[in-house]
Every structure is written in C-alpha cells, then in structure tokens.
Amino acid sequence: RMFHDDELEESEKFYVGQPRVLLLIYALYNTLVARSEMVCYFVIILNHMISASMITLVLPILIFLWAMLSVPRPSKRFWMTAIVYTEVAIVIKYFFQFGFFPWNKYVDYTKDKPYHPPNIIGIEKKEGYVHYDLVQLLALFFHRSILKCHGLWDEDEKGDSSSNKEDTDDELSLTGGRRDSSASLKSVNLAASVESIHVHFPEQQTAIRRKSSSSISQLSHRSSFSSHRSKRAILFCSASYSAVKSHFDLCCFRTLQVYVPIRQFFYNLIHPDYSAVTDVYVLMFLADTVDFIIIVFGFWAFGKHSAAADITSSLSEDQVPEAFLVMVLIQFGTMVVDRALYLKKTVMGKVIFQVILVFGIHFWMFFILPGVTERKFSQNTVAQLWYFVKCVYFGLSAYQIRCGYPTRVLGNFLTKSYNYVNLFLFQGFRLVPFLTELRAVMDWVWTDTTLSLSSWICVEDIYAHIFILKCWRESEKRYPQPRGQKKKKVVKYGMGGMIIVLLICIVWFPLLFMSLIKSVAGITNKPLDVSITITLGGYQPIFTMSAQQSQLKDLNQTGFNAFLGSYRGNTAALQFLEGYGKEDITLADLEGNSNSLWTISPPTAASQPQDTAQGVAQKLTLPQLCSAAGVKTWGRHGAPISLLATRFCWTVYPYYIKAPSDSLAKPIKQLLTGMYCRWENITVSLVKNVSDEGVREWWVLNQLGKRYKTSEESLELFIFSDKVSPPSLGFLAGYGIMGLYASVVLVIGKFVREFFSGISHSIMFEELPNVDRILKLCTDIFLVRETGELELEEDLYAKLIFLYRSPETMIKWTREKT
C-alpha cells in the first residue's frame, strides 16, 4: 500500500484499544481544539454576564462586529487586541482594589447599587474580582497556541508583506479615498498593518524646506543685518505654518488609519469576491422564539417591583404589565425586520441591523435595565439567560452576513423532507394562531411577484395541502398495506385507541379538572376575620361581634381525630368530612358581650318580644370572612344565613358553617341534623347599665353546648373553608364546570366534528394517488419568482388554477407513473 507506515498503524491500533471513557475524553479535547475560538467567545461573554461592566463590554461588541465577521477567520490583530486588553483590564482591576480609594470604604453599602460609578466601570472592590479574567486570558493563550501549531498565527503578517510589494503610493492618497477600481478596494483588509498604507509624510517636506532654508541662510551670510533679520522672520513664519500644517496632516492621517480599514472591512463584507452561501434563518428564528418565551414567562425580571408577578394572574385580572408589553413588542418587531431582510436578501441592511442591535441591546441591558429593575444585571438571572440566547442570535447573524444570503428561498423550511417528523411539525406550525397568515402576508410584501395577495395565499394553501398529501403517500410507500388484508391490531388499537382516549378526556375534562384542582393543587383558605350579627325580624341588630387573630384557632391532630370520632356511624357527616383536613377547619371564639349598644325606641322594644313569640324569622348574619391564602385576599362579603324559628326556644345557632370560595356562607346540614348533633341552644339576656351619663343597654349571648367549655359568656363557631385553586390556574377555575364546557369542550367539539363530517366534499382534492406533478408545479412557481421571470409566474399560476378547476385534468395529472 502507498504511504504505509507501521508506526502509524500501531498507533492507530493502540488508540482504538483504549477504554471508551478515555476515547470520549480524547474526542472532547479534539472538539475543544477544533473550536477553540468558540471557547474564547463563550468565556468572554460569560465574563461579561457576570461582571456586567464597561471594562468587559468592549470585547463582546468586538466579537460580534469584528471577529465573527472576519473572512475566513479572525485576524492576529484581533487576538492580540483581546489578549492585551484582558491583561490591561486585570492590572486596572488589581490597582483599584486597594483600600485607600474612597469608594472602597463603603463596599457593603454600594455593592448592590447598579448606577454606582465603580460598579458601572468595573473597578469595584469584591472577592474574586479577577477570576473570570484569568480564565479568559487562559482561553485566549490556548487558542493562540493552537494557531501557532497550525502555522496560522503569522499568516496575516505574510499577507501584509506581500501586499506591501504590490501596492504603490498612488493607490491610496492622503485623504484615504477609494481606489480607482473596486478590485483595489478588496485588496485591503482590516488586518492590514499601518505600514501598508502609503502616505507622503509632510514631515519630510518640512525637513527639506528646513534644509534648503539653512543653505540659503549660509549663502546670504554676507548680507546686511536688516536683510538677515527679515529673512529670519520669513523663515520663522514658514516654519510655524509648516508645523501647523504638519500637525493637521498628522491628525488626518491618524484618523484615516482608523477609518479606512474599518470602511474597507465592511465594504469587503458587503461586496465579497466569493461567498459560501448558507441559510441559518431558521436557527435565528428559533433563538428569537426562545427569547420570546423567556419574556413571556419571565417578564417580571424586566420591570420594577414585579419580582413576584405572574403573567397568568396578571392577564386574568385584565392587567397588561408595561415591562411585558414593551419587551414583547420589541422582540416581535426585531423578528419582523429580520424576516424582511431575509426575504429581500440585502446584506447591507443586515449589517446595519446587526450594528444597531449589538449596540442597542448592550446599552439597554447594561445601562438602562439596571435602573428600571433597581438591581444589577449580574443579579438578574432571567435577563442573563435572555442575553445569552441573544448572543447566540448575534453569532448566527454574523455567520449569515459573512456567508451571504441564499439566492433562492423556496417554500417552508419544514417542507424539505417528506416524513412523519416534517409532517407533524408542519401541521403544528400551521396550528399556531396567525403565524401562517402573518408569514404569508410578509412574504407577499417583501417578495417581487405579479400575483395578488389572494392569489399568493391560494398558492401557499395549495402547496401546504399537496405537501401533506405527499407525506402521507410516502408513508404508504414505506409501510405498504397488502391488498385484501385487514388492518393490523397495532394500527387499530394504536391510532383508534389514542383517539378514543383523547375524545373521552375532552368530554370529561371539566369534571376532572375541577375535581383535581382543589383536591390536589388546592390552597388552604384560612379566614382572617369572622363577624356575626344577630337580628330579630326586621328590627335593629341586637348583637354584633367579630373575631380576629388569636381568637381564630386551628385544630391539632388530636382534636381533629376526636372530632371525626364523634360522627362515627353518621354516613352523611363522614362523607362530608372526607373533603376537609385539619388545616381547613378554624375555630372562632367570639366574645359573648355585644360590641355595640342597643338603641331602640320604647314602643318598638315593647312590640319586639310579642313578634318574636309569633315566630318571626330570626336572622343570623356572617357579613364577612376574609382569607390570606395565596397571593390574593379572598373575601366573602355579606353572606347571610336565614334561620326560621318554629318556637321561641332559641335553638337557632349553627355551630358549623361552610365557607365556600365562590358563594355565600351557609350552615352545614350534614353536621347539624341527626341523632348525634343538633342546632345549639344560646341564652340571650339584656344588660342595663345606669350611670350619670344615662342608661346603656346591650345584649349578652352564651352558647350552652360548647366543645371547649369556658366560664365566660362566649360563642363558638366551626368554619369549614373550601380550598381554592392556585393563582396560576385561576383563569380556568374561575369559569366553573359549565363555563369550561361552554368554552373548551364545545369549541374543540366543533373542530372535531369538521374532521368527521364534510369529507365527501373534498374527495377530489384529498384522494390523489400521485401528487409529484402538482408539487413540482408549485415549486416551479417559487423558482421562476426568485429568478425574476414574473410573466412565467403568471402562466404557471394560471395553469395551477385551471388544474383545480378541471377534475378530468386533475385525474390525469395525479395518476400513478407507469
């Protein structure tokens, strides 16, 4: 064999025989070496995310606007700039760690202030101030060593020396204007050294003038004193003018040294000699989508005083947070602009958009956002995650600019293959509300075409339908069904069983959801205040009392077990108690003396006992029960309980009250009836106090059958509080069972019914044995549109419409190939 080497063969055998773990380590190291520049980029961005200062801001911007845009790779000048800049940053940070600086005396007070100048600059005193800078410097030196090993470190210097021989002085004037031909512009890159730009230095002319002036002065040495003095003045003025002109020319030259390479760099980027055309728009769109999701679920990180906010609870209360609205609109706007640039295939617009986004995002994230949120960027985890994904987007955008946009954009990226994955992803893409419509309209606006909007949408719909049919036909070819054989049980029970389970779940979803939302994910709803008002008939209340804080007691496990044991044998009571735990029961201890005086006229007071004896309705009112469960305060306002007294025995006090989360409080009949429990008796007495200030009267009530007996007059009340749904699911639980059936089940049922009915009307468009010719016709329409053959686009569109208007022609076109 040619190039056979025994040592290499033995080395290969030795390498293959190594353990798998060691081979994995080798592979990871080789990957690290192959992408060492990506490691450097990652470490620089990570350092900036953690430090978030002006010192670390420079290199990320240079990465997205210089390094990643360089063809074919970043130059030696960039890597030397990054290395030197990192070293200088380490020295500066070390210098400002000394305690004699005034701002280092109050570090604990100023360390969390986002607009404190040392924090913004990055020179604040802190532990581990230089750790990530050292890791960054180590990564840069690692990449430098790899470039040297492959002979790529001094490649730019060789290119500069060769360009020095070819360039002449007249190719680039002092003003730094463009060369006569575009080819000469492309020969200068950003890595060109200062010596490669040939400029006539004014200092040489000044020196010549000075030399000639010196010789003239020597020749005229014999002239008179006045003549010699006048010549000296002339020479002085000439020298001053030359010095000023030299300084001005030097400033212009230094400016051109910066401006010309940058201008030439971007010119070469927009007008390359060759470009490896690629298409990474899908990846950029996915990165933007991830950022969009981060904004939706973490919008509170971009606003002020909203750390505990929840988007679902905010929207359920018809509130749109400003931070959420601004972030969504900005993110969505950038996605629309990016789509427009992609369709127009304008690299210059993409470069301008990239520069604006890089500077805008960095300025907003590291200078505006900390002031809005009142916390440093390094303490905002959601913002850090959003910025990291945005950096991935910047890298993909730079790669797209460097390679150039594709010359032809044909169809959807999900329609490149005809398999189940593409089929389901494409159908999921079409199910997203307004996404298909928005994409179609944007494509029509920013694509050169002769079709109207309705015709454009018609072509898109036909193409989508034919693609779906093509996927199904390909699946039938891969998994053919022999003729005359019944369907396999795997197919029937797999597909049919899944549909049956899905339909059953949809039908019974509201009942299951409302049952589990409180039993599994429910939150205990403890009352904060219990108020009782007792009135006789329609007269003035005779008793008012409330209980708060220490007067509201919880049951322990022993008391709860004893409570359950007292209802042993009572099926109705035990069934009711199954839905409550000890944490859902609250014992209210109410003072027996009314907290309001009884003021009533003598005639009314005389008639009240007579009306009561005749069986007038007594009303026991619990006006308010409040709870602090969850984030919200759940209130129950004005919850009256009407009790009809059959005889004047005052057996009217309901010992057990149910406090639902969405209705009025009411007595628990399962616990108040039967042989074990009954309505409790209360004694009512009127206390009269006569003093110099007058006569004062108030009512005193005492409950006789109390579980926790006390010597004082008091009332006990057991409150059973229903669990409430968590705030994040409150928007669904608030509809109730009937609301969920009306809003969910019926709407979904409408779409399901459309799938199972009306099939006969679409047979001629669904049952197409071979769709290759129609699919090719749609692809041809896309192709001629991209090549600018707009007249041919009209002809092909007319042909497509005629095909769908003629069933006989459709049959001929969709026959199987013989």
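Each Cβ is built from the backbone N, Cα and C atoms, and glycine gets one as well.
TrEMBL annotations: computationally assigned, not manually curated.
Pulled from TrEMBL:
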- 34-154: domain 'Piezo transmembrane helical unit' (DOMAIN)
- 278-515: domain 'Piezo THU9 and anchor' (DOMAIN)
- 553-606: domain 'Piezo non-specific cation channel cap' (DOMAIN)
- 652-816: domain 'Piezo non-specific cation channel cap' (DOMAIN)
- 155-180: region 'Disordered' (REGION)
- 14-32: transmembrane segment (TRANSMEM)
- 39-66: transmembrane segment (TRANSMEM)
- 78-96: transmembrane segment (TRANSMEM)
- 280-303: transmembrane segment (TRANSMEM)
- 323-342: transmembrane segment (TRANSMEM)
- 351-373: transmembrane segment (TRANSMEM)
- 385-405: transmembrane segment (TRANSMEM)
- 417-433: transmembrane segment (TRANSMEM)
- 453-472: transmembrane segment (TRANSMEM)
- 493-517: transmembrane segment (TRANSMEM)
- 729-752: transmembrane segment (TRANSMEM)
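DSSP labels the residues of the domain 'Piezo non-specific cation channel cap' (553-606) in these numbers: 24 helix, 10 strand, 20 coil. Under 8 Å from some Cβ of the transmembrane segment (351-373) lie the Cβ atoms of residues 52, 57, 60-61, 64-65, 114-115, 120, 266, 269-270, 301-304, 323, 334, 337-338, 341, 380, 383, 387, 390, 394, 397-398, 401, all in the same chain and six or more residues away from its ends.
Listed by sequence, the residues of this chain that lie at least six past the ends of the transmembrane segment (280-303) yet keep a Cβ under 8 A from its Cβ atoms are 309-311, 321-324, 326-328, 331-332, 334-335, 338, 342, 369, 372-373, 380-383, 385-386, 389-390, 392-393, 396-397, 399-400, 413. Within the chain, the transmembrane segment (453-472) has long-range Cβ neighbours (under 8 A, six or more residues past its boundaries) at 411-412, 415, 418-420, 422-423, 426-427, 430, 440-441, 443-444, 765-766, 768, 771-772, 774-775, 778, 781, 797, 800-801, 804.
In the domain 'Piezo transmembrane helical unit' (34-154), the DSSP tally of helix, strand and coil residues is 84 helix, 0 strand, 37 coil.
Packing against the transmembrane segment (417-433) from elsewhere in the chain are residues 464, 467-468, 470-472, 474-475: each is 6 or more residues past its ends and has a CB under 8 Å from a CB in it. Residues belonging to the domain 'Piezo THU9 and anchor' (278-515) score a mean pLDDT of 86 in the model.
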